[in-house]
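The next block holds one structure in the form of structure tokens; read it before the comments.
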Protein chains: 2
Amino acid sequence: MTGPLGYVETQRVVLFTEDDPLVLRGGGRLDHVEVAYETYGELSPARDNAVFVCHALTGDAHAAGLHLGAKKRGWWDNLIGPGKPVDTDRFFVVSANLLGGCSGTTGPLSTNPATGAAYGLDFPMLHMSDLVAVHRRLLASLGVARLHAAVGGSLGGMQVLQWVIDAPDEIDRAVVVAASSRLTPENIAFSSVAREAIMSDPDFHEGRYAEKGVQPRLGQKVARMMAHITYVSAASLETKFGRRRTGSGDDWTMGPDFEVEHYLQHQGETFLDRFDALSYLYLTRLLDYFDPFADPWTADRIRSTATRFQLTSFDSDWRFDTGQSARMARELAACGVAVDHVELPSPWGHDSFLLEPPGYHDRLRAFLVG
Amino acid sequence: MTGPLGYVETQRVVLFTEDDPLVLRGGGRLDHVEVAYETYGELSPARDNAVFVCHALTGDAHAAGLHLGAKKRGWWDNLIGPGKPVDTDRFFVVSANLLGGCSGTTGPLSTNPATGAAYGLDFPMLHMSDLVAVHRRLLASLGVARLHAAVGGSLGGMQVLQWVIDAPDEIDRAVVVAASSRLTPENIAFSSVAREAIMSDPDFHEGRYAEKGVQPRLGQKVARMMAHITYVSAASLETKFGRRRTGSGDDWTMGPDFEVEHYLQHQGETFLDRFDALSYLYLTRLLDYFDPFADPWTADRIRSTATRFQLTSFDSDWRFDTGQSARMARELAACGVAVDHVELPSPWGHDSFLLEPPGYHDRLRAFLVG
């Protein structure tokens with residue numbers, strides 16, 4: 001059958017403690033790491049049907065199904081469920097909030113055991129490998145040693161790539177959508193402006209805003225509004241909003257009037273409730289620095305992997321354009337790794353990975369059972 | 001000879017007074033309007049060699065030559081001078097700061113005669129026609145009734161288009177570079193975020209910041225950093241900066257590290273000294289609303305014009321892409337207006353109109369003497 005998942009719940013588990021800390025790739029350690037995660041479907045007796053779903057920058061563990069009492073389904077509910085491409089009748093699906101995030105997994109707003117207060121900017125800089133280490137530990141705690149597949153879009157896809165590099169024997173199929181192995185200077189530039197908006201907000205207080213009971217709302221809103229433009233395409237904004245206005249004729253105003261402006265205002269405002277500014281800083285920054293093929297060890301590590309990669313990019317995605325997926329495909333192929341990259345037509349820009357452009361879900365479905 | 005202009009000076013002239021106010025297109029009036037302008041070359045005895053240069057959003061009257069004691073030449077000095085395409089041996093060139101600007105022409109920081117304080121947000125909303133009206137009055141004051149050409153890039157090009165609509169018998173050649181007759185929702189979205197950054201800055205004080213001796217620096221800086229990304233191309237950032245950093249290895253930081261970040265910081269900082277936030281609001285907003293062909297009178301007005309249009313767009317310009325120039329060309333042609341539109345290859349994005357991509361200056365030169 002094809003249908004939606006029923007009710008699901010977010011779980012939390014402590015994975016690293018003072019006696020067994022998370023040693024970070026860039027130096028330093030975290031003495032207490034817990035992670036929020038959800039699972040859908042059943043682990044097979046042979047424990048060989050696990051699929052790990054990696055979320056994007058501002059995602060969370062709630063990828064599919066409904067929380068009790070909620071109206072909005074998980075962010076990848078169109079992909080995950082009974083009979084869907086990530087088929088919960090067949091697969092045991094795990095989705096977990098990232099290290100550094102703000103939706104249940106340890107991050108910069110978590111309490112620093114050394115001070116009893118929130119870490120703020122004392123939280124260590126994270127590498128993609130640190131995010132992978134936490135999710136590998138989660139899998140182990142669930143009794144899974146090997147993944148049928150890891151699936152991720154955008155940052156999630158980059159995490160999948162790093163996972164294969166760090167553990168070349170652990171994943172059979174790596175699904176990487178709308179991602180990159182190395183951000184462009186334009187990518188970095190947009191994120192840098194977003195961070196500037198947040199960090200220059202007077203309510204940022206050098207990262208100690210939580211103690212003061214405030215939030216860098218103005219900067220965080222601007223950051224999200226700007227970033228949102230880069231997640232969609234000019235054509236999709238044209239189709240969706242055109243130049244329609246609330247006002248009419250010569251009734252001009254400096255505040256929002258065009259529908260596209262009201263839409264961005266809404267995107268910016270709702271982001272304030274669902275995401276944290278420090279997590280935004282840490283996760284965008286690790287993306288900027290992410291460049292695994294610049295590491296001379298990477299090629300050696302993955303040369304012997306049996307992981308097969310499926311890369312998908314979208315023709316209207318100008319934030320993580322096809323050129324970036326193509327480069328990743330070349331880098332993988334140069335290491336002898338099996339990789340299939342296809343660019344799909346889609347009008348919706350980078351956000352296409354969350355939607356259903358023609359051919360996309362079929363392509364994922366075929367790869368997951370192939 | 002081909003060479004640079006020598007020393008030039010900015011002049012100022014009062015063009016509208018309480019007895020002869022500027023009546024605005026959107027209603028309201030300005031009782032005192034003065035304009036800052038420069039001229040290069042000599043007006044011919046027949047007064048038939050005048051070329052008006054229209055600047056872009058954050059430009060000013062100082063288009064060419066050197067101010068006494070200055071090191072930096074005018075912003076379009078590569079185009080304007082003896083033997084250059086806008087040849088000051090041949091043409092009498094006039095360049096003036098826009099109404100609503102902040103470089104000598106009346107704008108929102110000017111004193112409101114009714115209150116004795118700066119207008120702030122009490123400054124009236126401006127239409128493109130109001131900018132044209134001021135520059136037409138300036139020309140009249142210089143004894144020029146007819147232009148050999150009007151030349152403008154970006155907002156300047158849009159002003160040239162409006163000028164022909166408002167005065168179809170006044171301009172022989174209209175040079176419109178990297179412009180648009182109707183901004184896209186994506187264009188509006190970027191400007192809307194820039195305004196949000198400025199207006200939400202606590203130092204904006206609802207536009208009364210000058211009285212308080214402050215400036216919405218944080219918001220204005222973010223606005224400019226973001227806008228600057230849209231003025232260049234991803235490829236040009238790649239060529240210019242790649243992923244080069246100040247730091248190295250795992251020496252990661254949340255502040256600027258990649259060269260592209262230092263560059264944007266510099267762009268944002270220097271903008272604070274040379275431009276005003278309110279002017280930014282007023283001029284971006286009139287661009288959003290600019291849509292002359294939506295006015296049913298436009299076609300009637302320009303149907304009989306003898307003005308010939310030359311439109312140029314650049315293939316890497318994604319802020320005012322070729323599609324926007326192509327639409328303008330179609331709209332003009334549909335009114336029977338002579339128009340020649342060419343897309344030129346150039347790596348530098350929207351800023352190409354200020355630079356010298358191959359073929360660009362030759363194309364302008366030929367049109368101006370043809």
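Every residue gets a Cβ built from N, Cα and C, even glycine.
Straight from TrEMBL, the features:
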- A:50-357: domain 'AB hydrolase-1' (DOMAIN)
- A:SER154: active site, nucleophile (ACT_SITE)
- A:ARG224, A:ASP351: substrate binding site (BINDING)
- A:ASP317: active site (ACT_SITE)
- A:HIS350: active site (ACT_SITE)
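In this structure the C-alpha atoms belonging to A:ASP317 (active site) and A:ASP351 (substrate binding site) are separated by 8 Å. Taking the recorded positions A:ASP317, A:ASP351 in turn and counting surrounding C-beta atoms within 10 angstroms, the largest count is reached at A:ASP317. In sequence order, A:HIS350, A:ASP351 are the recorded positions from A:ARG224, A:HIS350, A:ASP351 with a C-alpha within 10 Å of the C-alpha of the residue listed as 'active site, nucleophile'. Cβ neighbour count for A:ARG224 (substrate binding site): 26 (other Cβ atoms within 10 Å of its Cβ, all protein chains included). Looking at the domain 'AB hydrolase-1' (A:50-357) alone, the prediction's average pLDDT is 97.
In the three-state DSSP scheme, A:HIS350 (active site) falls into the helix class.
Distance between Cα atoms for A:HIS350 (active site) and A:ARG224 (substrate binding site): 15 Å, as a whole number.
With all protein chains in the displayed structure included, the most crowded Cβ environment within 10 Å among the active-site residues A:SER154, A:HIS350 is that of A:SER154.
Under DSSP, A:ASP317 (active site) is assigned to coil, being neither helix nor strand in the three-state scheme.
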